[in-house]
Amino acid sequence: MQTYLLSQQFSTGCLAENSTACPTNATICYGTSCVLPEDNFNQTLSVVLSTVLTVMLALVMFSMGCNVELLKFWAHIKRPWGIFVGFLCQFGIMPLAAFLLSLAFNVLPIQAVVVMIMGCCPGGTASNVVAYWVDGDMDLSISMTTCSTLLAMGMMPLCLFIYTKMWTDSNAIVLPYDSIGTSLVALVVPVSVGMFVNYKWPSKAKIILKVGSIAGALLIVIIAVVGGILYRGSWIISPKLWIIGTIFPAAGYSLGFILARIAGLSWNRCRTVSLETGMQNTQLCSTIVQLSFSPEQLELMFTFPLIYSIFQLLFALLILAGYRVYRRHRVKTETDVEKTEEKEDSKSVSSHAKINGGFVSNETK
């Protein structure tokens, strides 16, 4: 988080008044909620970790690309029904859900705006990793993430213009097109290389995919922990934002799955659309918030992207655990059915042998 200067209205008087609750170096203070300046250690840590995480993310997306087949990927582009359903979920359901949640909980205008920004963000790359673990359609997952990031350059300003007019001037929200472009390049280039490796050396691609999927799962956890370390300011915020941060990702997962099923997509594609809908690009949301609002406003809203990130990860883990339990139960049930059928076949063969004087044909052995 950037280092902010004290405004006159939040000068030493405020800090002295709340000295029991806030550190002496707090730059903004409301009761027990403070925003701390970023020290040199945090600045260094932020630069080092952002570099390391960017490289790791590129490697993970490269490994995810190793599971994408060019012909299947191109088939999604030529017949983009699944992508279109994902588009409706990403830029139709999520902004509308954000708008309704903000109205239902009657949050402050500035807080409603950050909820709307989160709802208008494109899907995050973490969805590709989780989609792999729940046996989703990786070709659809990668194409949806790529298309939503590309379309976000036009759909984000449009959705924010439509939904935020009652709270703020949409022109006050700064969209970092360079960050969106960087996210797009960081997604497309590694995935394209991975697709080429899968085409040329499919056996090696499988090994890379297994290693990358594990690294991707670890990366998701690391990003959540790092976010908690670097963005430790203003943790005590309105309970309404905590509730919205819990409901919002759950609604995204559920509504995305339901709409995909109504659209007639297969079960694995429904899981994919669900994850692409609920898992948002929270890093992009944080960047937009920091660029658009003053320190005083940030104090009321800055933590929401991190709250959403935590709960979208928790719900994704619940989905993964539920799917794994279901798959294990299904495999076990299918195995029991096969064993029962084998026993019945052996009994029928045995009775047939007795009737025919012990003769068993070669076909039944």
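Each residue, glycine too, has its Cβ placed from N, Cα and C.
No curator has checked TrEMBL annotations; they are predicted automatically.
Per TrEMBL, these features apply:
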type	residues	note
TRANSMEM	45-63	transmembrane segment
TRANSMEM	83-105	transmembrane segment
TRANSMEM	112-134	transmembrane segment
TRANSMEM	140-163	transmembrane segment
TRANSMEM	184-201	transmembrane segment
TRANSMEM	207-229	transmembrane segment
TRANSMEM	241-263	transmembrane segment
TRANSMEM	300-323	transmembrane segment
COMPBIAS	334-347	compositional bias 'Basic and acidic residues'
REGION	334-365	region 'Disordered'
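Sequence-remote contacts of a segment are chain residues at least 6 beyond its ends whose Cβ falls under 8 Å from one of its Cβ atoms, and for the transmembrane segment (112-134) they are 57, 60-61, 64, 67, 86, 90-91, 94-99, 101-103, 141-142, 144-145, 148-149, 151-152, 155-156, 159-160, 163-164, 167-168, 173, 180, 183, 187, 209, 213, 216-217, 219-220, 223, 241, 244, 248, 271-272, 275-285, 288-289, 301, 304-305, 308, 313, 316, 319-320, 323. Long-range contacts of the transmembrane segment (83-105) within the same chain, counting only residues at least 6 positions beyond its ends with a Cβ under 8 Å from a Cβ of the stretch, are 76-77, 111-112, 115-116, 118-120, 122-123, 140, 143-144, 147-148, 151, 155, 159, 162-163, 240, 243-244, 247-248, 251-252, 255-256, 259-260, 263, 265, 273, 276-277, 280.
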